[in-house]
Amino acid sequence: MLIHPQFDPIALHLGPLAIRWYGLMYLAAFIMFLWFGRLRTRQPHIAAQGWSGRDLDDMLFYGVLGVILGGRLGYVLFYKPDWYLAHPLDIFKVWEGGMAFHGGFLGVVLAMMLYARMRRRPWMQVTDFIAPMVPCGLAAGRLGNFINGELWGRVSSPDLPWAMLFPQAQGEDRAWLAAHAQQAVTSGVQAVFDQYHMLPRHPSQIYQFLGEGVLFFILLWLYARKPRPMGAVSGMFLVGYGVFRFAAEFAREPDNFLGLLALSLSMGQWLSLPMILAGVAMLAWAYRRAGRNGNDAQAGAHA
């Protein structure tokens with residue numbers, strides 16, 4: 001049985017400025033984007049498209065805006081619309097937390113559409129370029145969630161070797177016990193609670209760090225190393241992320257203000273399903289288009 005170490009959310013102080021771990025994770029994500037982006041520009045089929053270091057810097061600027069604005073608005077609209085409708089000024093209190101990946105994803109999509117229009121590049125050429133780097137940001141974000149002791153997993157068997165006790169979850173632990181009294185006794189988690197005053201849970205942040213982050217990055221990077229039809233890498237990202245996220249949600253505790261929705265699926269799972277369907281459609285379109293044209297223009301230079 002493991003106990004969450006309860007890290008100080010403040011990583012360091014620079015005079016009056018407090019630097020939080022979560023902020024450092026965002027910084028790490030942006031640095032990894034630039035690092036792997038430069039590696040990607042050296043791949044022959046990508047170099048033929050004329051990408052430069054300046055392109056990376058500009059995309060990062062637009063991407064940061066998309067992540068922050070989209071992530072915040074997505075959380076407001078998808079998860080707590082009633083609260084923010086009654087307390088509209090709280091929308092601007094980003095330091096209190098509240099970001100949604102699916103909203104950040106839509107924000108980045110819109111930001112890249114604007115970037116592609118300004119640079120006169122095909123939009124899918126832009127999204128194909130950045131897609132393999134996105135899992136780096138996902139990994140950094142999930143690591144930040146773990147350090148903060150938030151977004152913990154569902155109650156697990158006490159026999160699970162890596163089951164973890166989250167002191168921050170004690171309120172939800174008591175609510176779970178009240179709703180599942182008989183199950184708590186038969187599964188053995190009541191005995192754990194009697195001893196530690198906490199319930200064993202899945203460290204779902206680590207699952208997502210390893211799945212959506214590390215493993216997904218490796219698979220998508222390897223797929224994108226070779227020339228693919230335009231739109232295929234983006235489609236593969238949508239399918240891959242949707243599948244990884246959908247699976248991880250079975251171990252992640254649903255938001256307590258939402259719970260499980262229709263078919264006992266979480267909000268994260270319902271939002272992932274359209275991503276999977278859109279990704280499959282994009283892959284089918286990309287390869288069908290490449291078959292008709294004989295040789296897709298993915299590796300060609302932009303106008």
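Every residue gets a Cβ built from N, Cα and C, even glycine.
Here Swiss-Prot flags 17-37 (among others) as transmembrane segment. Non-local neighbours of the transmembrane segment (17-37) in the same chain are 7, 9-11, 56-57, 59-60, 63-64, 129-130, 132-133, 136-137, 140-141, 143-144, 147-148, 221; each lies 6+ residues outside the stretch with a CB under 8 Å from one of its CB atoms.
For 59-79 (among others), the entry in Swiss-Prot reads transmembrane segment. Away from its own ends, the transmembrane segment (59-79) comes close to residues 30, 33-34, 37, 91, 94, 98-112, 114-115, 126, 130, 137, 255, 257-258, 267, 271 of its chain (Cβ-Cβ under 8 Å, at least six residues beyond either end).
If you look up Swiss-Prot, you'll see 94-114 (among others) marked as transmembrane segment.
The annotation transmembrane segment is assigned in Swiss-Prot to 129-149 (among others). Long-range neighbours of the transmembrane segment (129-149) within the same chain, counting only residues 6 or more positions beyond its ends whose Cβ lies under 8 Å from a Cβ of the stretch, are 4, 6-7, 9, 21-22, 24-26, 28-30, 32-33, 36-37, 40, 46, 49, 51, 59, 63, 67, 101, 108, 112, 166-168, 203, 205-206, 208-209, 212-214, 216-217, 220-221, 223-224, 233-234, 236-237, 241.
According to Swiss-Prot, the feature transmembrane segment maps to 204-224 (among others), an assignment based on sequence analysis. Cβ atoms under 8 Å from those of the transmembrane segment (204-224) belong to residues 36, 40, 128, 131-132, 135-136, 138-140, 142-143, 145-146, 150-154, 162, 233, 236-237, 240-241, 244-245, 247-248, 251-253 of the same chain, restricted to positions at least 6 beyond its ends.
The transmembrane segment annotation in Swiss-Prot covers 230-250 (among others) and is backed by sequence analysis.
Annotation source Swiss-Prot lists transmembrane segment at 257-277 (among others), citing sequence analysis. Outside the transmembrane segment (257-277) by six or more residues, the chain places 78-80, 83, 102, 105, 238-239, 241-243, 245-246, 249 with a CB less than 8 A from a CB of the stretch.
Cβ atoms under 8 Å from those of the transmembrane segment (230-250) belong to residues 101, 122, 124-125, 127-128, 131-132, 134-135, 138, 154, 204, 207-208, 211-212, 215-216, 219-220, 223-224, 265-266, 268-269, 272-273, 275-276, 278-283, 285-287, 289, 296-298 of the same chain, restricted to positions at least 6 beyond its ends.
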